[in-house]
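S.K.: Below is a structure I'd like to ask you about.
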Amino acid sequence: MERSTIVRVHEGLHARPATRFVRLAKSFESEVEIVKAGKAVSAKSSVKLMLLGVKENQEVTVRANGADAVEAVEALIGYLENPRAGLDEDDATSEHKEMNGEAAKPVVATTPMQVAAPAGGLRGVAASEGVAVGQAFAHFPPEIRPQARTLSPEEAEAEIVRFGHAVKVVQARMDKALASEGLAGGDRGIVAALRDLAADDTLIGDAEAMIRSGSDAVAAVIATAAKLAAEFGSVDDPYLNARADDVQAVGRQICLALLGQDDVSLEDIPQGAILIADDIGAWDLSRAPLKRIGGIVCGHGGATSHIAIIARSHGIPAVLGLGARVSELRTAKEIALDGNGGTVVADPADAVKAEHLSRIEEAAKERHALDVFKDVTPKRADGTVIEVAANIGSLEEIEAALAAGAMGVGLFRTELLFMRHMHLPSEDMQAETYAALARAFAPHPVIVRTLDIGGDKPVAGIEFPEEENPFLGWRGIRMCLDRPDIFKPQLRALLRAAVHGNVKVMLPMVSDIAEVRRARALIDECAAELARDGVPFARFQLGVMIETPAAVLIAPALAREVSFFSIGTNDLTQYVMAADRLNPTVGALNDVANPAVMVAIAMTAKAGVEAGIMVGMCGEAAARPDLIPEFLRMGLTELSMSPASISRAKKRIVELGKA
Ligand code: PEP
Ligand code: MG
């Protein structure tokens with residue numbers, strides 16, 4: 001029995017929709033295969049299915065053989081023809097839980113500072129700011145070495161039983177982790193994905209076949225995981241490439257269970273210790289006692305890596321990307337690290353240690369002295385209130401932002417919601433998130449930025465073309481306007497959330513008036529749909545980010561279309577100066593204080609002020625005490641920044657108001 005169809009699932013059989021498809025296939029006794037372009041794979045293996053790379057609008061055939069073949073084909077074809085397959089109401093709730101706990105901070109890398117390593121020190125990527133000195137805690141799990149032995153058929157049978165038992169142990173450990181309250185929400189998704197792999201027919205089945213042909217179980221698992229990881233690694237899809245690590249992590253856990261060993265655990269890390277590792281896998285990280293970790297030093301990882309995001313979100317200073325040189329730190333007793341400059345010193349000499357400690361002390365003193373400004377409402381000399389708001393990317397950061405004295409949110413980066421999940425977030429989940437955000441800051445405004453992703457950041461469920469210049473490519477509002485199936489659920493969610501507080505919405509990467517008009521037309525369409533369906537909603541103010549030179553040049557016209565401007569100096573600087581914000585070699589040019597950029601900011605402010613709309617700033621420059629006076633003179637009345645900078649900015653504004 002077989003039938004062909006065109007796949008309508010929005011995300012294709014990628015990530016979550018693939019897992020769901022496999023679950024459905026497994027509910028039938030029949031053998032089921034899916035065929036694409038002449039290649040057939042078992043529909044009961046999510047690994048095989050993901051590697052087959054079935055995309056939306058491609059033709060596939062479902063083939064089944066067995067007692068319930070007709071039902072199986074019918075159900076699976078129905079699944080493939082449903083655009084929203086793989087994303088149901090259950091997901092909306094679980095996603096919300098995931099998201100609540102999601103570790104997140106701006107994913108965009110700040111330009112690594114060019115700081116020379118102290119004598120005898122190492123330099124890596126400054127991935128999470130702060131200075132730390134602490135006991136070294138080296139985490140280099142030993143390599144697992146299989147025995148070189150060939151099993152007789154009888155031994156092989158016994159080995160398969162042993163292997164099956166080890167797989168069950170690993171699955172049970174993961175189930176336990178999933179059931180535990182302590183597992184941070186964002187990490188739950190990671191563990192769930194590993195749990196799926198630990199039950200996958202490809203990994204388990206291929207290893208079993210090797211054992212049957214005489215291989216030792218540990219050797220079979222290592223070989224199978226390596227082969228699969230290589231397959232994931234070679235696919236032209238960054239999301240699938242990242243699954244290679246997951247396969248290796250699961251393989252390692254099965255091997256350890258076979259050897260009756262526990263992995264070197266991070267659970268015993270002493271309070272304030274500096275974690276040194278070549279890499280920290282998702283599985284380890286999800287179980288690590290982050291509150292106890294004083295700093296992180298890693299051979300792998302960059303400013304946008306998983307570890308960096310988690311470190312920033314938990315305020316842990318981190319230096320990553322040291323490469324093979326990280327092993328020089330293995331025997332260190334003590335580490336001094338500078339997460340601002342990206343330097344690490346093993347067993348620092350007294351003078352180096354004293355210098356680091358004095359910077360830690362200074363930072364603590366400064367924090368303390370600034371505390372009195374937290375609850376101040378800063379005003380310009382003429383009495384105009386200057387809103388000092390927070391840049392955040394997850395609900396988890398609300399508490400810290402409120403505690404820091406944020407007068408609302410000037411930039412909520414919604415892409416983080418999309419990036420750390422196995423699937424696109426549903427409209428309900430988004431509506432809940434934005435509503436929770438609005439409620440937390442009411443009556444202050446929360447400015448939610450619509451999805452701003454591009455070819456440089458993988459998102460499960462969105463196919464990005466290979467681009468020579470992703471920063472000049474299909475990103476931000478450009479992508480959203482082409483994908484109303486992704487954009488409209490976000491807009492509807494925002495309209496629904498606006499009932500619960502002071503929600504404003506801004507569009508990223510605008511370079512043409514038509515983009516604003518098209519977005520507004522979609523908002524109107526969404527509002528009409530909600531009204532028709534009797535779903536409560538409220539209109540929100542619409543603004544644009546000014547982060548392209550084009551937007552600056554048409555600012556007077558744009559100002560007539562929108563309610564506010566928010567200047568995105570991170571991108572505006574790179575585009576005005578034609579200097580890649582991620583490339584340290586042109587870091588000196590990437591300077592917001594360059595007259596060219598300051599003129600662009602002044603032109604924007606003038607256009608906004610003359611049109612009578614609010615002009616704010618949410619790029620990193622908004623927090624610079626040296627530039628704040630200039631921004632206020634230009635007429636900016638809102639500055640949005642990371643919560644840690646809020647009291648310092650308020651202090652600066654108060655001083656200016658008195659001057
Ligand atoms: C900016 O470009 O200044 C900005 C705030 O957006 P992002 O850093 O997220 O690109
Ligand atoms: Mg930007």
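Any Cβ shown, glycine's included, is placed from N, Cα and C.
Any TrEMBL annotation is an automated prediction that lacks curation.
The domain 'HPr' feature in TrEMBL is assigned to 1-90. Feature annotation from TrEMBL assigns active site, tele-phosphohistidine intermediate to His306. According to TrEMBL, the feature phosphoenolpyruvate binding site maps to Arg413, Arg449, Asn570, Asp571, Arg581. As annotated by TrEMBL, Mg(2+) binding site applies to Glu547, Asp571. Per TrEMBL, active site, proton donor is recorded for Cys618.
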S.K.: When secondary structure is assigned with DSSP, how many helix, strand and coil residues does the domain 'HPr' (1-90) contain?
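M.R.: The domain 'HPr' (1-90) comes out at 33 helix, 22 strand, 35 coil.
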S.K.: For the binding-site residues listed here (Arg449, Asn570, Asp571, Arg581), tell me which residue's CB has the most neighbouring CB atoms inside 10 Å.
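M.R.: Answer by Cβ density within 10 Å: Arg449.
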S.K.: What is the biggest Cα to Cα gap, in Å, among Arg413, Arg449, Asn570, Asp571, Arg581, the residues listed as binding phosphoenolpyruvate?
M.R.: 20
S.K.: List the binding-site residues among Arg413, Arg449, Asn570, Asp571, Arg581 whose C-alpha is within 10 Å of the C-alpha of Cys618 (active site, proton donor), in sequence order, or say none.
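M.R.: For Cys618 (active site, proton donor), the binding-site residues whose Cα atoms are within 10 Å come to Asn570.
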S.K.: Do me a favour and check the Cα-Cα span between Asn570 (phosphoenolpyruvate binding site) and Glu547 (Mg(2+) binding site); whole Å is fine.
M.R.: 8
S.K.: Can you check what DSSP calls Arg449 (phosphoenolpyruvate binding site), collapsed to helix, strand or coil?
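M.R.: Arg449 (phosphoenolpyruvate binding site) sits in a strand per DSSP.
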S.K.: Output: those binding-site residues from Arg449, Asn570, Arg581 whose CB lies less than 6 Å from an atom of ligand 1, in sequence order; none if no residue fits.
M.R.: Asn570
S.K.: Among the binding-site residues listed here (Arg413, Arg449, Asp571, Arg581), which has the Cα closest to the Cα of Glu547 (Mg(2+) binding site)?
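M.R.: Ranked by Cα distance from Glu547 (Mg(2+) binding site), first place goes to Asp571.
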S.K.: Ligand 2 is in the model; which of the recorded positions Arg413, Arg581, Cys618 have a C-beta less than 6 angstroms from one of its atoms?
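M.R.: None, by Cβ distance under 6 Å.
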S.K.: What three-state class does DSSP give Asn570 (phosphoenolpyruvate binding site)?
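M.R.: Assignment for Asn570 (phosphoenolpyruvate binding site) reads helix.
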S.K.: State the three-class DSSP label for Arg413 (phosphoenolpyruvate binding site), counting H, G and I as helix, E and B as strand, and everything else as coil.
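M.R.: The three-state answer is strand.
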S.K.: Once the chains shown are all counted, how many other Cβ atoms turn up within 10 Å of the Cβ of Cys618 (active site, proton donor)?
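M.R.: If we count other Cβ atoms within 10 Å of Cys618 (active site, proton donor), we arrive at 28.
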